[in-house]
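Here's what TrEMBL has on this protein:
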SIGNAL    1-30  signal peptide
ACT_SITE  93  active site
ACT_SITE  151  active site
ACT_SITE  155  active site
């Protein structure tokens with residue numbers, strides 16, 4: 001009877017282990033490869049392949065008064081149509097994962113959004129993370145769905161290993177939003193909603209820098225402030241959004257910007273009708 005040498009047996013065992021590991025990897029629909037520190041895209045991710053771990057977080061906040069000026073029709077999902085009695089505050093657009101080179105990962109896992117996972121968070125989410133349009137954004141699974149589904153599947157799935165699941169993603173985002181209260185900082189500095197006042201862009205940026213010791217990123221629609229973004233290290237300490245703060249992108253913002261007041265749907269409709277005539 002012929003026996004294989006010991007080194008041959010070891011090599012065969014290693015081969016079987018490698019084959020088994022490959023089978024496991026093929027069966028996984030997206031996820032985290034701890035050995036190489038890369039995120040695997042699920043079947044919903046465009047292009048497939050690996051994406052490296054993100055470098056930092058970006059909390060993007062939107063000013064409803066600017067977004068809602070563009071409202072042309074109402075629907076049950078459009079918070080612009082039902083916020084006349086709500087406080088004028090920045091609302092959440094999303095918590096995004098970013099690379100230092102200006103690119104970002106997207107659609108890093110195959111797990112689809114499930115509203116049941118965040119059932120205990122629905123009240124604050126509807127108030128502070130509403131959709132401001134009637135459109136249904138396309139998710140990573142090539143189907144249209146709610147705003148929250150888009151944000152979780154495109155951005156939240158890429159937040160691993162800092163954020164582990166859908167519930168943690170939305171809870172973490174809400175906690176950061178409340179801790180770093182942009183609306184409160186700007187209101188205390190005198191930057192309040194107005195349809196007639198214009199504020200210096202540099203003053204708004206300085207107010208955020210003084211409060212959080214980090215430089216934000218801003219985008220505008222015309223002369224109206226549209227989004228204000230705060231960036232964070234992975235431990236959720238604030239950091240500059242731009243690596244070179246002297247070259248900070250201020251989007252399309254002019255030197256003086258407005259914070260349009262958010263009126264009722266009737267006021268928005270009348271304003272849009274007047275503008276179109």
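Just so it is clear, glycine is given a Cβ too, placed from its N, Cα and C backbone atoms.
Recorded features from TrEMBL, shown on the structure.
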residue	record	CB count, 10 Å
93	active site	20
151	active site	23
155	active site	27
